[in-house]
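Structure, as structure tokens:
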Amino acid sequence: MVQKFKIDYETLCRWLLTVRKNYRMVLYHNWRHAFNVCQCMFAMLTTAGFQETLTELEIFALIVGCVCHDLDHRGTNNAFQAKTGSALSLLYGTSATLEHHHFNHAVMILQSEGHNIFCNLSSTEYSDLMQLLKQSILATDLTLYFEKRNTFFELVSKECEGSQRHVQVTLSLVVPESRNPITSMMMTACDLGAVTKPWEISRKQVAELVTSEFFEQGDRERLELKLTPSAIFDRNRKDELPGLQLEWIDGICSPLYETLVKLNPKLQPMVDMIRANRANWEDLNKKRQSGQSVSANAGPYNDDATETKACPAVKAGSTPCCSGDSESTPSKAAS
């Protein structure tokens, strides 16, 4: 990729370090999350073989999009921007507020002196890449995911109907209008990738980091806006986390990853890991319903809290696609 697009090494290093610096020290949506999302995309492209059917320009946009997709995240979501009438909501409106900001922040860095890793592209390549980059970053808005996922599901179902072939076989032949939903869903899958990691990693990211960041937003909603936060943002309802995770997995994650497996069977380990993690959340939810204390903090999720269900791929000793993490013990002070 570096050779193909003639990227100067010093420019690449300067750009990457500046991108890292422009991630705030929030609990979850920080540089470590961006790195993990990029690692997941790299695994999907290489281990699962998507690089064989996507163009080099599309791959470049996806990798850069993953690295930049949460630039300057403030630890609060789009709804909070709208509720508070923040400067970002005034600048970008209430549709994909943060995602537009992340993209514009990425462009600002690229246009800074000595940071343009796209400078040796032709004018056509540059224009196409910037459009693909914007599409990639905006795809991480879950509202847009809900709007577009049925199109993606129908595309995959139609291509697989009455045939044993997988969509990947014909992916390189379809029109751009059909390719866009696929690359967008790949971005979403990587952004939500914590749910596909081994239990010890997944539970820590969810129970300790994501939940803590959500609770901080909920505290601000209660203090600044005099509102009662929804369950997932309300630390007073932290014992409901296992049930909320089951809803998250069943309603958002599983349908996406199961459809991606129809697209590419090499992604099956991701679905296997989700199912194993779901079984563990189910156990914790049953304990809560039976009156046992279950906290959203990592402490109660020690090895004795539940008999964890291992992913079949892990039991077999294989290396699941996208199952790794940049670090297995993320810190709350991660930057």
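Backbone N, Cα and C define each Cβ position, glycine as well.
A quick note: this is a predicted structure, and the numbers were derived from the prediction, not measured.
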Per TrEMBL, HIS69, ASP70, ASP191 bind Zn(2+) 1; matching candidate in HIS33, HIS105: HIS33
Additional residues around Zn(2+) 1, ordered along the sequence, whose Cβ is within 8 Å of the centroid of HIS33, HIS69, ASP70, ASP191: HIS29, ALA34, VAL37, CYS66, HIS73, THR140
Candidate with sparsest Cβ neighbourhood (10 Å radius) among ASN30, GLN245, the listed binding-site residues: ASN30
ASP70 (AMP binding site): secondary structure state under DSSP, collapsed to three categories: coil
Inter-residue Cα distance where the pair is ASP191 (AMP binding site) and HIS69 (Zn(2+) 1 binding site), in Å: 9
